Amino acid sequence: MLALVCSCLLLAALPADTWSGPAAVELGSDTVEQIRDTHAKVTEIWQALTQQRAAQGEPAGALHAVCRVQPSATLDAAQPRVSGLVVFRQLGPGAQLEAFFDLEGFPVEANLSSRAIHVHQFGDLSQGCDSTGAHYNPLAVQHPQHPGDFGNFAVRDGRLWKYRSGLAASLAGPHSIVGRAVVVHAGEDDLGRGGNAASVENGNAGPRLACCVVGASGPAPWARQAQEHAERKKRRRESECKAA
């Protein structure tokens, strides 16, 4: 990449007659000095960019995406209005995907409940979450082996907050989920064990409460969620120490 940038800048910087005529291969001292200056500037820029990513704790090839969850436009008045954020990070093409799920607006129930979250085929929200299509299934396999079958998430006091790693989906390559929809369902995923056709298609997860379209992003949304994750772990440890 650095060599490519250098080449482009050099082509733009050198006079036109440098590349024509019998003496095209002979560079004067001024031109050589100009090449050295350009190389030094490009190297400085590249090092600054690399150091910036390193300071953020991110490798240069890390990929990020964000999905801002909103209630489906087709919900009945009695259904809950779920909203929030899903942020993704992949340290490079071929690396495993990880995500933070931060959602609220679920009913506050006495017992812990679980809700299914899946990636659906289309990023089309023109008819709410109903127009996102079926599960994204590029390899034509049965549920729950779809790349975006994220499974069930525990809801406590009307909120869902979870970090998950090792997800099968990807932000890169021919099966990227960027531009597709994340859908939050009203029910629990039976993980293909329901004994009917719907079970191996969608896990009998029920109506679609909320959804969003996955979009590429910078590292900032991930950094904020990672900070909250670290603070939660710290509070949990402190609570355990006090209880002991």
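Yeah, the Cβs are placed from backbone N, Cα and C, and that goes for glycine too.
Noted in Swiss-Prot for the protein shown:
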SIGNAL    1-18  signal peptide
DISULFID  CYS67-CYS212  disulfide bond
CARBOHYD  ASN111  N-linked glycosylation site
BINDING   HIS118, HIS120, HIS135, HIS185  Cu cation binding site
DISULFID  CYS129-CYS211  disulfide bond
BINDING   HIS135, HIS143, HIS146, ASP149  Zn(2+) binding site
REGION    221-244  region 'Disordered'
COMPBIAS  226-244  compositional bias 'Basic and acidic residues'
Taking just the CA atoms, what is the gap between HIS143 (Zn(2+) binding site) and HIS118 (Cu cation binding site) in Å?
10
Rounded to the nearest Å, what's the C-alpha distance separating CYS67 (disulfide bond) and HIS118 (Cu cation binding site)? Just drop the number here, would you?
13
Rank the disulfide-bonded residues CYS67, CYS129, CYS211, CYS212 by the number of other Cβ atoms within 10 Å of each Cβ, and give the residue at the low end.
CYS212
Residues close to Zn(2+) site centre defined by HIS135, HIS143, HIS146, ASP149, Cβ within 8 Å:
HIS118, VAL119, TYR136, ASN137, GLN142, PRO144, GLN145, PRO147, GLY148, GLU201, ASN202, GLY203
For the residue listed as 'N-linked glycosylation site', name the DSSP secondary structure in the helix/strand/coil scheme.
coil
Run through the Cβ atoms and count how many others sit within 10 Å of the one on HIS118 (Cu cation binding site).
26
What subset of the recorded positions CYS129, HIS146, ASP149, CYS211, CYS212 lies within 10 angstroms of HIS135 (Cu cation binding site) at the C-alpha level?
HIS146, ASP149
Neighbours of HIS118, HIS120, HIS135, HIS185 excl. site residues, C-beta within 8 Å of centre, Cu cation:
ALA116, ILE117, VAL119, THR132, ALA134, TYR136, GLY148, ASP149, VAL183, ASN202, ALA205, ARG208
How many helix, strand and coil residues does the region 'Disordered' (221-244) contain under DSSP?
23 helix, 0 strand, 1 coil
